[in-house]
Every structure is written in structure tokens, then in C-alpha cells.
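Enquirer: Please find one structure pasted underneath; my questions will follow.
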Amino acid sequence: MLHIADTILTSRLLTGTGKFATPELMLAALEASGSQLVTMAMKRVDLNGGNDAILAPLRQLGIKLLPNTSGAKTADEAVFAARLAREALGTHWLKLEIHPDVKYLLPDPIETLKAAEQLVKEGFTVLPYCGADPVLCKRLEEVGCAAVMPLGAPIGSNQGLQTRDFLRIIIEQARIPVIVDAGIGAPSHAADALEMGADGVLVNTAIAVARDPVAMARAFRLAVNAGGLARQAGQGNKQFVASATSPLTGFLHQQTEGAER
């Protein structure tokens, strides 16, 4: 179970709507993923309330929408986009994204914290995309964010958990859910994040650009379930020396003694 604010989700896998070849393929992949919370950029939404090829089918699947402020370069732009999303979609949930750097899409920590504080005051349930900075994540928690979404690697890079050491600190210190966002390129990366103690992961590119997005979505679903179950089960401690699972010393001595007789 993933508990965010006043909502309990049975899936720890969050997904996105970008980069899919067709809306139909996107919907099939999202359904296969089992995800219950899907993020989407406001620029993809039909603000006139007409027949939206993406929005309406998502709602029919019972998926909770998480609009994001992708494209915002400042706190003011993000707050404006958030208000627009709440008006257009009727939700106070928001994935806060502010990345002025168009090459690496790295989040602006100063503007993100500023916007988060304002949006929380306005009643939004804020899930900020941020760098894997333990101090920043703690500050975002303190201003009232419902979860933090530190990056594993740059958006869409498929590099996996390049920020592993910092993610461990964030997870250890957090009193709100930690959802690893960006850079997860394989189901094994997702399982690794859950085994580490992350509460969830958000995956988009790795599913959308796969040769078979539906199969990849299913693979991520299984990986997230496996990683979460492994964490709950409790993994054995690492050690630098061997530890035999089936000691044979006594058996060999018995055989030797029998032969001597």
C-alpha cells in the first residue's frame, strides 16, 4: 500500500503519459502497469472541456490524475499552471516540476521550495520533483509536501539509480513517502529502489519507448511488487566472507573415520 495524504493506493508504480506512439498504446500500457496515479502535462489537456482522447479514457479506467507543471521555469509560472490544472481538472493534487535547464531538465531547488510553500498554503497536495538532496527534501517535507520525488538520474536518461547514496539518506530521514522519479530505465532499477526502501517509483520513458510498451509495463508492475515484497521480507546482511549454506565438515569426517575402520 502507498499512502499519500488522504489517499491509499494499492500500486507503488506511478506512470506518465508522454512519448507513447499513440493514445491507444498509452492506455493499454497504463492498464497493464496497474498504476493508479498517472501524471500528465497541462499542455496535453483539452482545456475547453471537449472530447479529450487522453483524459476521458484515463478516467474511465479509474486512474487518479496527477497534473504536472512541466515547462515552468519559475515558481510563479508553476503556481499559475497549478491553479489552471485545479480549475480544468478539478483536482488539488499536483506534481510540481520546475526545470529551467532545457538540456538536462534538472529541477531548480530554490524555485521548487518557494512554489511548494505557496501551493501548500493554497490547499494543494504537492508532490515535488527534486534533486536527490537530503536537506532540500527535508525542507519540502517541513513546508507540507505530501511526498517528495527525488531523481535517480536525469529525466528520460534510463541510467538507473545514479544518486543511490543520497537516496538512502533521504529515505532514512523522511516522514513522508519517497517516490523515486526520473532515470529509471529497467524493471530491475525499480525493484532496486523499492528494496532500498523507497515507497514508490514513477516510470514513463522506459515504458513508452520500449519495443513492446504493454509488456514492459507489465514487467515494471511485477518488478515493483517484487521489490516491495523483498523489502518487507527483510534481506540478509551483506558480509565480506563466505558462509556455507550446507556445511559438509562433519559428514566428511564421519566418512573418513568409517573408511579407516
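Keep in mind that glycine also has a Cβ here, set from the backbone N, Cα and C atoms.
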Enquirer: Which one, Gly156, Gly227, Gly228, Gly234, is listed by Swiss-Prot in the same 1-deoxy-D-xylulose 5-phosphate site as Ala182, Gly183, Asn204, Thr205?
Expert: Gly156
Enquirer: Run through the Cβ atoms and count how many others sit within 10 Å of the one on Thr205 (1-deoxy-D-xylulose 5-phosphate binding site).
Expert: 18
Enquirer: Measuring Cα to Cα, how many angstrom lie between Lys95 (active site, schiff-base intermediate with DXP) and Ala182 (1-deoxy-D-xylulose 5-phosphate binding site)?
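Expert: Spelling it out, the Cα of Lys95 (active site, schiff-base intermediate with DXP) and the Cα of Ala182 (1-deoxy-D-xylulose 5-phosphate binding site) are 13 Å apart.
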Enquirer: Helix, strand or coil at Lys95 (active site, schiff-base intermediate with DXP), per DSSP?
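Expert: In the DSSP reduction, Lys95 (active site, schiff-base intermediate with DXP) maps to strand.
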Enquirer: CB neighbours of Gly156 (1-deoxy-D-xylulose 5-phosphate binding site) within 10 A?
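Expert: Its Cβ shell of radius 10 Å holds 17 other Cβ atoms.
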